[in-house]
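Noted in Swiss-Prot for the protein shown:
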type	residues	note
DOMAIN	138-411	domain 'ABC transporter 1'
BINDING	Gly171, Pro172, Pro173, Gly174, Cys175, Gly176, Lys177, Thr178	ATP 1 binding site
DOMAIN	489-701	domain 'ABC transmembrane type-2 1'
TRANSMEM	507-527	transmembrane segment
TRANSMEM	594-614	transmembrane segment
TRANSMEM	625-645	transmembrane segment
TRANSMEM	651-671	transmembrane segment
TRANSMEM	735-755	transmembrane segment
DOMAIN	805-1050	domain 'ABC transporter 2'
BINDING	Gly842, Val843, Ser844, Gly845, Ala846, Gly847, Lys848, Thr849	ATP 2 binding site
DOMAIN	1122-1336	domain 'ABC transmembrane type-2 2'
TRANSMEM	1141-1161	transmembrane segment
TRANSMEM	1173-1193	transmembrane segment
TRANSMEM	1229-1249	transmembrane segment
TRANSMEM	1260-1280	transmembrane segment
TRANSMEM	1286-1306	transmembrane segment
TRANSMEM	1314-1334	transmembrane segment
TRANSMEM	1369-1389	transmembrane segment
Amino acid sequence: MAQTGEDVDKAKSFQVEFACGNGVDDEEKLRSQWATVERLPTFKRVTTALLHTGDDSSDIIDVTKLEDAERRLLIEKLVKQIEADNLRLLRKIRKRIDEVGIELPTVEVRFNDLSVEAECQVVHGKPIPTLWNTIKGSLSKFVCSKKETKIGILKGVSGIVRPGRMTLLLGPPGCGKTTLLQALSGRLSHSVKVGGKVSYNGCLLSEFIPEKTSSYISQNDLHIPELSVRETLDFSACCQGIGSRMEIMKEISRREKLKEIVPDPDIDAYMKAISVEGLKNSMQTDYILKILGLDICADTRAGDATRPGISGGQKRRLTTGEIVVGPATTLLMDEISNGLDSSTTFQIVSCLQQLAHIAGATILISLLQPAPETFELFDDVILLGEGKIIYHAPRADICKFFEGCGFKCPERKGVADFLQEVMSRKDQEQYWCHRSKPYSYISVDSFIKKFNESNLGFLLKEELSKPFDKSQTRKDSLCFRKYSLSKWEMLKACSRREILLMKRNSFIYLFKSGLLVFNALVTMTVFLQAGATRDARHGNYLMGSMFTALFRLLADGLPELTLTISRLGVFCKQKDLYFYPAWAYAIPSIILRIPLSVLDSFIWTVLTYYVIGYSPEVGRFFRHFIILLTFHLSCISMFRAIASICRTFVACSITGAISVLLLALFGGFVIPKSSMPTWLGWGFWLSPLSYAEIGLTANEFFSPRWRKLTSGNITAGEQVLDVRGLNFGRHSYWTAFGALVGFVLFFNALYTLALTYRNNPQRSRAIVSHGKNSQCSEEDFKPCPEITSRAKTGKVILPFKPLTVTFQNVQYYIETPQGKTRQLLFDITGALKPGVLTSLMGVSGAGKTTLLDVLSGRKTRGIIKGEIRVGGYPKVQETFARVSGYCEQFDIHSPNITVEESLKYSAWLRLPYNIDAKTKNELVKEVLETVELEDIKDSMVGLPGISGLSTEQRKRLTIAVELVSNPSIIFLDEPTTGLDARAAAIVMRAVKNVAETGRTVVCTIHQPSIDIFETFDELILMKDGGQLVYYGPLGKHSSKVIKYFESIPGVPKVQKNCNPATWMLDITCKSAEHRLGMDFAQAYKDSTLYKENKMVVEQLSSASLGSEALSFPSRYSQTGWGQLKACLWKQHCSYWRNPSHNLTRIVFILLNSLLCSLLFWQKAKDINNQQDLFSIFGSMYTIVIFSGINNCATVMNFIATERNVFYRERFARMYSSWAYSFSQVLVEVPYSLLQSLLCTIIVYPMIGYHMSVYKMFWSLYSIFCSLLIFNYCGMLMVALTPNIHMALTLRSTFFSMVNLFAGFVMPKQKIPKWWIWMYYLSPTSWVLEGLLSSQYGDVEKEITVFGEKKSVSAFLEDYFGYKHDSLAVVAFVLIAFPIIVASLFAFFMSKLNFQKK
């Protein structure tokens, strides 16, 4: 047991041990023990408490040194049943504070006439960012000013969020809820224009630190995937600090001592434990884990799209917990219930209500679909519509207000759902209650006018007119310090986390080091004893080995771009929350990478130095190592700085590629400094590669063994250096070392400054078409038209086969990381019937999605037991996928096509080939109307949270894509998550209509309103742990399910107008089972309903007479040619509308071509010696290698993004993997050809190559094939690896290999015979041979070569092994390479599946 030190040791001598039944009064024992604590000094007293150990004795403990078991024991004692015990805990804490007369700090938030406007760009035509539109737009910036318009998000809103009260923020998507929350928390983007004022306790936002005073909980769940839930919360608790808790605790302790009050030991221990700052593990973390229901997954990692982790609902709760674990009592929470069931939402909101009412917290929460029970927990409501406040007053008066406006909430309708629908033009009429008066649409402005004229509006206006009395609040209510911790504590916290992340990513670092070892082994054997002979030729080989080492270390830094970008989202969030300053994050990430650089550089030096044959002196060995180390550090620092400045993957890729190009071009090896144009010579001194070359060459060529004098009266070493222009004297080594250290310091300083001052990446700017903008402007002045019923045209009816899915005793097991087997589903039996809409419900973590995945066949791991039948026959996944549709919880779509195109693509590939195009298009149109997407059918889908559709639009698109496939069976995983009540009702009406056509439909659902819940016909209810609690019909008004549960002894009756779904989840949750002392799963198995269901399932599992097993004449609905055409059409749209992908490639090759042309200006016309030919070869090498590297890098992210879409579409049997892969391959051809043409047109005349059509064609052909090869190799590396990080690490090795065996750093003739096969396998060797041989293989001009006279063609054959007669073979190999690599890409895409489900 942890102790406080000497004082506690003395106090322990007074500890009273007591046994049960010893006759001493418990209160006297407690007072006696408490007296020992009271004797301690003040500081020790507030960190010392009594902890009951469970054996009728108490120990004196130091709360700063509590062990995990002790913290959890205390929390379990305080909060066993969350709803009741949390309230009791807060009341006890408040009672203790009130007993000594301490007033807690409170905050009142006011906003007056608050307006927010955003600028958007107006374009003519459709606002789609195609390649042509982007080029046109970029050019127009220089010709004319772009047209912009302003969109009002919030329009003069005013209100008060009061302490001690819970306020609900309601409104449809797009009404400005998120903007209002961000404005109140001081977190609005700098790109928007803000008017009006916001104040806390009468102080404007500029007078204090609002980000620390209030806590804003975003809709986006951004977490570090490698950290567990507990680690995430512990870090947040540590960084947010304790606020004024310690000061309050000291004052409580002082006053209690004066009044001789003995507090409850458990309450005292808890309050003291959460009042200690900077702890690695916090008691507050255990408390938040408990009340948010995250204690069951506390040690599970957060995970992400590519790594397994917690569920979506748990991630949403983690986002909430990360903020509320801090000391702030002003909470602004944005849609915290997404992905949560209604029972869990009620529990969390109930805890927040208790915090507001008892602790005086100020809480404003926006919710999309609050259940009636959750809605009743709020004190006030702010109703937003069209950026304006319609109602801002007590919740209890809101129905009365709308009745006064002529609208009444129906009896079995949730008030929150009614409030969101009553503002809708399409839904308003059904709530009109003045039947004697004709209905006409009442606009938002009319509601606002009525509210302002009401007594409620008058009271709000009157309160706002009175200034806040600052004398009535505590000084510490507001925060005036940016950071809670000292600089040292912040650095320690960030360092601890960085070390943990490095441990979690150890496989990636080991993988990188393993590849480095492989590269080193290859390099040392390629350059085996290259330095054994000291002459100009072998000196050139040694230079090549040095360049290879430096290039490998340069490429080794490239993955740092992706790693840094991947963490920037979480960093930006935490920086905005003032968890820590940028330097506290930067310093650990810089320093802790140094040991890895030391290891990698040392491995390379140890393996290669003596084998290659460098100077054998030990001192020179270590000096060689030091240069490699400082260069490696400078490269990693440079890429880190680039990532912190550019912030997006596309910008980082192009900037990183340009940086590598510049470093190599001006590094002194590709083109010697002496050969560079004078006016570009300054570039040499700005390249870290130059200084690394200077350092390595000075270390080697000024060594004693290179001091042999040559005919020119200079040493052999100086002769080699003179040829390369690197002879800067013996002491240039230390100059180079100092320069490299300077680069390391400069880039790391730049990285830190960019993190500090660079604005966070924002959501892409809005673009609106000119026509749409004019339409919006005109509608502002048009009267609202009467609602007229639209004549319904005949619906598109497509044939389908009704199918029943039965499942008996289904069990599912997975293997845990510890090697144990864990069962997730227990003996699940049921049936999904045609024409029946089935709801699959349960609390978060009950196994709903797991069961849906098992039934649909989406699981890629684990063991499934039991029987699943379709139409009475055993399920065959290949045919089942053709007749079923699956709407995923996470909306995965191709980002660069429109909404309508997404549906057309799905219909094209999934509907039978005999259905004509007209029928398909009519079906697409009908589905668009059904899910109300017709208004945005021409909108780009975009990336979630970055561009394109909103969450609810994306959700409707997911459903629409499946509906157009005309499936017999539809699985929907949480189709209403992220939707408001109206959108959810629209979606569920569409789903119900689909079920009524005779299709089999099942969907999981978390927070159904009464209306939505009662649209279902049957219910499958699961409890936590994957066990079945109920399967059967709902009945009218849920009568059958209510009757079943009410028949169980001890279950409370459902209240009038209560949502049966919420009631059902409440009574079957774990705490309710504990309270009732029963197991609902066992109760179901013992019921007659279970026996009846077993009989029904057995009957449905038998095939009917005359029926046949599901079969199709072909594996896919379309022919192979049809699949290829459809996939190619989508890939064309995706490429054409992705300028960030293709335009950057075009810009890079233009820049590369121009730079090479300027550096090698007209050098091809005057070849006099081997160095002139080496320089020309260097120009070819630069164009081929670096243009290829850039293409390879940029295509990888595109393929990785589209691969997730590919997995979804392949599962649906939309197409063959080969059709998808070859469409991806073919779409690259025109873009690569365009790049090749641009490169050839620029480079060929400027460098001065022979102006021959034949030679020019060879140049174009070689570059074109080279770009294709690199593109396809990038695709292949993505196909071979589970995530982009691994692919990028593999890319570094690939670059090193194609560089080493290109024939540039080591010619073919000198490559050892055991590695010559690698030369022939390297595509760059063939490309360079084709370029050089076609230009000079037939040139008979004599040149000076290492002191001899030889013809150019003879030198090419003698030194490089290039023959002009071999060009036919080269031409064949060049076209064979892309075909082979493309085929390998297609093969591995079809065989490998890294999706873990």
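Counting starts with 1 at the first residue shown.
Backbone N, Cα and C define each Cβ position, glycine as well.
For the recorded site, Gly842 (ATP 2 binding site), the DSSP three-state label reads strand. Comparing Thr849 (ATP 2 binding site) with Thr178 (ATP 1 binding site), their Cα atoms are 29 Å apart once rounded. In the structure as shown, the Cβ atom of Lys177 (ATP 1 binding site) sits within 10 Å of 24 other Cβ atoms. Across the residues of the domain 'ABC transporter 1' (138-411), the predicted structure has a mean pLDDT of 89.
Packing against the transmembrane segment (625-645) from elsewhere in the chain are residues 549-550, 553-554, 556-558, 560-561, 564-565, 568, 589-590, 593-594, 597-598, 600-602, 604-605, 609, 652, 655-656, 659, 688-689, 691-692, 695-696, 699, 733, 736-737, 740-741, 743-744, 747-748, 750-751, 754-755, 758: each is 6 or more residues past its ends and has a CB under 8 Å from a CB in it. By the Cβ criterion (distance under 8 Å, sequence gap of 6 or more), the transmembrane segment (507-527) is not counted as touching the transmembrane segment (1369-1389), fewer than 3 such pairs being found. The closest partner of Lys848 (ATP 2 binding site) among the binding-site residues, by CA position, is Gly171; the full candidate set was Gly171, Cys175, Gly176.
Away from its own ends, the transmembrane segment (1314-1334) comes close to residues 522, 525-526, 1176-1177, 1180-1181, 1184-1185, 1188, 1254-1255, 1258-1259, 1261-1263, 1265-1266, 1269-1270, 1273, 1297-1299, 1301-1304, 1308, 1356, 1360, 1362-1364, 1366-1367, 1370-1371, 1373-1374, 1377 of its chain (Cβ-Cβ under 8 Å, at least six residues beyond either end). Around Gly845 (ATP 2 binding site), the C-beta neighbours below 8 angstroms that are at least 6 residues distant in the chain are Ile296, Cys297, Ser311, Gly313, Gln314, Asp1024.
Around Gly842 (ATP 2 binding site), the same-chain residues at least 6 positions away in sequence with a Cβ under 8 Å from its Cβ are Asp341, Lys848, Leu1021, Met1022, Lys1023, Asp1024, Val1029, Leu1065. The transmembrane segment (1141-1161) makes no contact with the transmembrane segment (735-755): fewer than 3 of their CB pairs lie within 8 A, with pairs spaced 6 or more apart in sequence. Between Gly176 (ATP 1 binding site) and Val843 (ATP 2 binding site), the C-alpha separation comes to 30 Å. Between the transmembrane segment (1260-1280) and the stretches 594-614, 735-755, 1173-1193, 1286-1306, 1369-1389, Cβ pairs under 8 Å are most numerous for 1369-1389. Taking the mean position of the Cβ atoms of Gly842, Val843, Ser844, Gly845, Ala846, Gly847, Lys848, Thr849 as the ATP 2 site, the remaining residues of that chain whose Cβ falls within 8 Å of it are Ser311, Asp341, Thr850, Met1022, Asp1024, Gly1026. A C-beta separation below 8 Å, combined with a sequence spacing of at least six in one chain, links Pro173 (ATP 1 binding site) to Leu368, Ser950, Thr951, Glu952, Leu979, Asp980, Ala983.
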